[in-house]
Each structure stands twice: as structure tokens, then as C-alpha cells.
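Take a look at the structure set out below.
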Amino acid sequence: MNKDLKGLYAALLVPFDENGQVNEQGLKQIAQNAIETEELDGLYVNGSSGENFLLNTEQKKQVFKVAKEAVGDKVKLIAQVGSLDLNEAIELGKYATELGYDALSAVTPFYYPFTFEEIRDYYFDIIEATQNNMIIYAIPDLTGVNISIEQFSELFNHEKIVGVKYTAPNFFLLERIRKAFPDKLILSGFDEMLVQATISGVDGAIGSTYNVNGRRARKIFDLARQGQIQEAYQLQHDSNDIIETVLSMGIYPTLKEILRHRGIDAGLPKRPFKPFNEAHRQTLDQLIAKYDL
């Protein structure tokens with residue numbers, strides 16, 4: 001516990017069968033691929049990329065357990081436990097903490113127009129119940145929740161709120177957060193903006209495409225930190241070509257198809273997501289070949 005949490009993480013994909021059940025063997029393969037093949041520093045488990053909000057509580061626990069079994073103590077593990085049901089978030093947080101996850105993360109409560117005080121207390125309640133470190137998951141495009149610099153300050157006053165997963169295009173706010181809180185962890189959540197985020201001083205990044213493009217992301221991150229911006233941007237252009245094509249075909253089914261191409265039992269997306277559209281097969285094959293995926 002309490003490892004240095006800086007670095008690059010796969011936002012772990014989760015394979016499902018045709019009945020929407022977790023494929024445990026495939027999940028272990030996906031986790032091991034992220035660490036052994038993509039050479040990432042850790043896993044961010046049960047986030048958006050794991051289709052978390054389509055899972056019941058027992059399935060979420062199953063994913064936490066299997067991911068931990070797959071990689072053990074070799075890498076850093078962050079458990080996303082956020083839920084509209086605070087009791088579930090606490091239950092999941094306790095479970096992940098008992099499994100040995102290095103930190104918790106929680107998406108801001110969404111759908112209902114919660115006040116900041118309600119959002120703040122949601123985080124404080126999870127921390128009090130689990131006594132684990134917390135990383136705020138800020139993703140306003142999906143939650144509709146925008147946290148101001150003043151509100152970040154109030155959250156960061158809690159010693160166990162150690163950082164933020166920042167998935168937002170507002171680089172002015174990112175710069176303000178970095179300047180105001182130099183000792184807090186900032187992990188970028190936008191794969192397509194890794195160069196810009198690194199220049200802005202983030203400590204690492206969490207990405208869904210890092211499941212298949214992690215080595216290229218590592219080069220981008222390292223080059224940008226070394227001031228080799230032109231070289232980093234060239235690789236970012238390549239990554240964004242990959243991302244743009246993947247998004248056009250459906251992100252989760254397409255990433256799973258790339259993993260399947262590697263011999264990994266990557267399963268299906270969970271309904272109502274649809275499986276990979278075979279009409280895109282030629283485009284996918286060309287993408288894999290061109291970018292050595």
C-alpha cells in the first residue's frame with residue numbers, strides 16, 4: 001500500500017460472454033497484457049473502460065479480485081469504486097482495500113444535480129469507511145460535474161485525497177491545479193492529449209487505448225518530459241490516428257478485437273453495447289498492420 005502512484009496505467013478492459021458474465025480467464029490475460037506486453041506501471045480497475053456502470057456489485061468485486069490475482073503485487077493498482085449508491089461505493093472500497101489495492105478512486109456522483117457539499121461528503125464518507133487514499137475521478141463530459149479550483153482546494157485539504165484523475169479538455173484549469181497543488185498526484189485521462197497534459201506537468205496517465213498502445217504512450221510521455229516535444233508530437237499524431245479510427249468503429253468492441261488478434265480471449269462488450277461490426281474488419285486489419293498493434 002501507499003506506493004508511489006506516478007506512472008502510466010491501463011484503464012482495464014473487461015471481457016464478457018454473450019450472457020453478460022465476466023470471463024475471468026480473459027480478464028487475467030488482458031491484465032497481464034497491459035503489464036507484460038505494454039509495459040505499463042499499473043492498472044486502473046472498474047472505470048469507464050471496464051464498463052463498470054453496467055455491472056452489479058458482485059461483478060465489480062469479481063473484477064477487482066481477478067485483476068489482483070492476475071498481477072499480484074508486481075504493479076500499482078487503483079480501484080474505481082464510485083457509484084450513485086454511496087453504500088455500494090463504501091462496500092466496494094472496503095473490499096478493494098482488503099484485497100490490497102494501493103488507492104481508491106471514485107467518479108463524482110452524477111445524474112442528479114448534487115451540491116458540491118454533497119459531492120465532498122461523498123468522498124469523505126468513503127475515505128472514513130475505508131481509510132484508504134482517494135483519487136478524485138473528474139470526467140465532466142460524462143458526469144456533468146465541473147469542479148472549480150476552489151473546490152479542488154477544499155477536497156485536497158483532506159490528507160487522504162492524494163490526487164485526481166483529470167479527464168477534461170480544460171488545460172487552463174489543469175495548469176491552475178498543478179501550480180496550486182504541486183504535491184498532489186495528477187493523472188491525465190485523455191489519451192489523445194497526452195503530450196499537452198505531460199507538458200502541463202501531470203504525474204502520469206490512465207488510458208483505455210493503453211491496453212493496446214501503451215508502449216507508444218510511454219515514449220510520448222518520456223519524450224515530452226525530456227523536452228523533445230516535436231518527437232513526442234509525431235508519436236501523438238500516430239496515436240491519435242489510432243484513436244480516431246478506433247472511435248469510429250466503437251471503442252470497446254474495437255479494442256477487444258485488437259486484443260483478440262493477439263490471441264487474448266477478450267470477450268464481448270456488455271449489452272446494450274454491440275459487438276464489433278464485421279463490416280469494419282478490413283479497416284481494423286489495416287490499422288493493426290500499419291501501427292504494429
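If you go along the chain as it appears here, the first residue is 1 and each next one adds 1.
A Cβ is built for glycine as well, from the same backbone N, Cα and C atoms used for every other residue.
For the aceneuramate site that Swiss-Prot gives as Ser48, Ser49, Gly189, Asp191, Glu192, Tyr252, the extra residue drawn from Ser200, Ser208, Ser239 is Ser208. For the binding site of aceneuramate, formed by Ser48, Ser49, Gly189, Asp191, Glu192, Ser208, Tyr252 according to the record, the largest Cα to Cα distance is 16 Å, rounded to a whole number. Once Cβ contacts within 10 Å are tallied over all protein chains shown, the binding-site residues Asp191, Glu192 are led by Asp191. When the alpha carbons of Tyr137 (active site, proton donor) and Lys165 (active site, schiff-base intermediate with substrate) are compared, the span between them is 5 angstrom.
The Cβ of Gly189 (aceneuramate binding site) has Ala11, Tyr137, Ile139, Lys165, Tyr166, Thr167, Ala168, Ala205, Ile206, Gly207 as same-chain neighbours under 8 Å, each 6 or more residues away in sequence.
Non-local neighbourhood of Ser49 (aceneuramate binding site): Ala11, Leu12, Leu13, Ser208, Asn211, Tyr252, each in the same chain, at least six residues away, with C-beta under 8 Å from its C-beta. Close to Ser48 (aceneuramate binding site) in the fold, though at least 6 residues off in sequence, lie Ala11, Ile139, Leu142, Ser208, each with a CB less than 8 Å from its CB.
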